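S.K.: Sharing a structure, written as structure tokens. Questions coming.
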Amino acid sequence: KNGDLRTPVITIFDARGCKDHANKEYTGPKAGGADDEMCVKVAMQKIAVAEDAAALVLKECLSELKARKK
């Protein structure tokens with residue numbers, strides 16, 4: 001019904017001071033400081049929508065908006 005719904009998913013990697021493993025999340029050029037051990041990943045991921053839950057949220061939101069309008 002809603003097609004291919006996608007949303008941005010943000011993941012933050014902070015490996016400052018971590019010596020347990022080699023950090024391979026970032027493969028670009030090094031900055032030469034603490035920033036070399038941090039990375040932010042943004043990816044669009046498919047999401048599943050529970051139609052019954054979505055309908056309930058919509059109903060509650062509309063009810064709240066109508067109550068505020070009075």
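Quick reminder: no glycine exception, Cβ is built from N, Cα and C everywhere.
So Swiss-Prot says this about it:
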- Arg16: (2R,3E)-phycocyanobilin binding site (BINDING)
- Cys18, Tyr26, Lys41: mesobiliverdin binding site (BINDING)
S.K.: Restricting to the same chain and to sequence separations of six or more, state which residues have a Cβ under 8 Å from that of the residue listed as '(2R,3E)-phycocyanobilin binding site'.
M.R.: Ala34, Glu37, Met38
S.K.: Look up Arg16 ((2R,3E)-phycocyanobilin binding site) in the DSSP assignment and report helix, strand or coil.
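M.R.: DSSP call for Arg16 ((2R,3E)-phycocyanobilin binding site): coil, neither helix nor strand.
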S.K.: Just to confirm: which same-chain residues, 6+ apart in sequence, have a Cβ under 8 Å from the Cβ of Tyr26 (mesobiliverdin binding site)?
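M.R.: Residues satisfying the criterion: Phe13, Asp36, Cys39.
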S.K.: Checking the spread of the mesobiliverdin site as listed (Cys18, Tyr26, Lys41): what is the longest Cα-Cα distance, in whole Å?
M.R.: 19
S.K.: I'd like the Cβ neighbour count for Cys18 (mesobiliverdin binding site), meaning other Cβ atoms within 10 Å of its Cβ, all protein chains included.
M.R.: 11
S.K.: How would DSSP class Lys41 (mesobiliverdin binding site) in three states?
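M.R.: DSSP assigns Lys41 (mesobiliverdin binding site) to strand.
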S.K.: Among all the protein chains here, how many other CB atoms are within 10 A of the CB of Lys41 (mesobiliverdin binding site)?
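M.R.: For Lys41 (mesobiliverdin binding site), the count of other Cβ atoms within 10 Å is 11.
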